[in-house]
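Asks: My questions will all concern the structure given below.
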Amino acid sequence: MDYLQILLMRHGESVGNALGQMEGGQSTPLSGLGRWQAACLGRRLATMAPPSQIYCSPLQRAVDTLAHMVAGLGHGMTVEAQPPVPVQLTPDLQEFDNGIFSGLTWAEACRRYPDLCDRMMTSLDWIPIPQAESLAAGRARSRRFWQHVLTHHGNGERLWVISHHWLLEHLIAEILGCDRTWQIPMANTALFEFWCDRSRWHNTDTNRLNSILWQIRHFNDSQHLRQQ
């Protein structure tokens, strides 16, 4: 049976990650470690079936990850293969826009905005950050992207999706049909792979409970970083 196959990937470590910065919507490059991680992921993907379409966040750390993944593929698939693999930079896949915290470390944020940070540290409730994106807006972006996938792709296609930690948590919740977004500790270049029967996706019969049609093949998988 052919499935619609979706591989979600977090970008490699960025310079901001290495410095402990809350990057949010900032467009920052990969660190040296991040470039290595992306190449390791590319070598891993070279052992798997190639994609028919690639979706990527337009932020530099995601675009850099794609470039170094392709380099890691070696003599396997490349985006310049014949026929070429379409690559679409997709703003809905960008990271959480964290407003006034953008580019700061937590220590820097505490010095600049002590009252706000104190409220955030003493409450489990979501505390809005000035000029930042809302939780609902982030979930709406993930829902919009998933609906795009369902509208434009079908069984027999294989998609690569390169995005960011916070957005991937929302996107995974959308794919799984969860009305809550679950926190997932996620290594840089972690891989999630879902297979689904697109032709039955909107059906309401018993097959919604048939796990043959809805498969999680990899979840938070970063073994490519341990095998080098």
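Just so you know, glycine gets a Cβ as well, placed from its N, Cα and C.
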Asks: Name the residue, out of R61, R111, R112, that TrEMBL lists for the same substrate site as R10, H11, G12, E13, S14, V15, G16, N17, please.
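Replies: It is R61, as the record lists it for that site.
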Asks: What is the set of residues, excluding R10, H11, G12, E13, S14, V15, G16, N17, R61, whose C-beta falls within 8 angstroms of the centroid of the C-beta atoms at the substrate site?
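Replies: Apart from the listed residues, the neighbours are A18, E23, T28, L30, S31, G34, T65, N188.
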Asks: What does DSSP say about E95 (active site, proton donor/acceptor): helix, strand or coil?
Replies: coil
Asks: Taking R10, H11, G12, E13, S14, V15, G16, N17, R61 as the record's substrate-binding set, what's the max Cα pairwise distance in Å, rounded to a whole number?
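Replies: Output for substrate binders R10, H11, G12, E13, S14, V15, G16, N17, R61: max Cα distance 15 Å.
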Asks: Let me check the 10 A CB neighbour count of E95 (active site, proton donor/acceptor). How many other CB atoms are there?
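Replies: The answer is 25 other Cβ atoms.
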Asks: Per DSSP, to which secondary structure element type does H11 (active site, tele-phosphohistidine intermediate) belong, with helix, strand and coil as the options?
Replies: coil
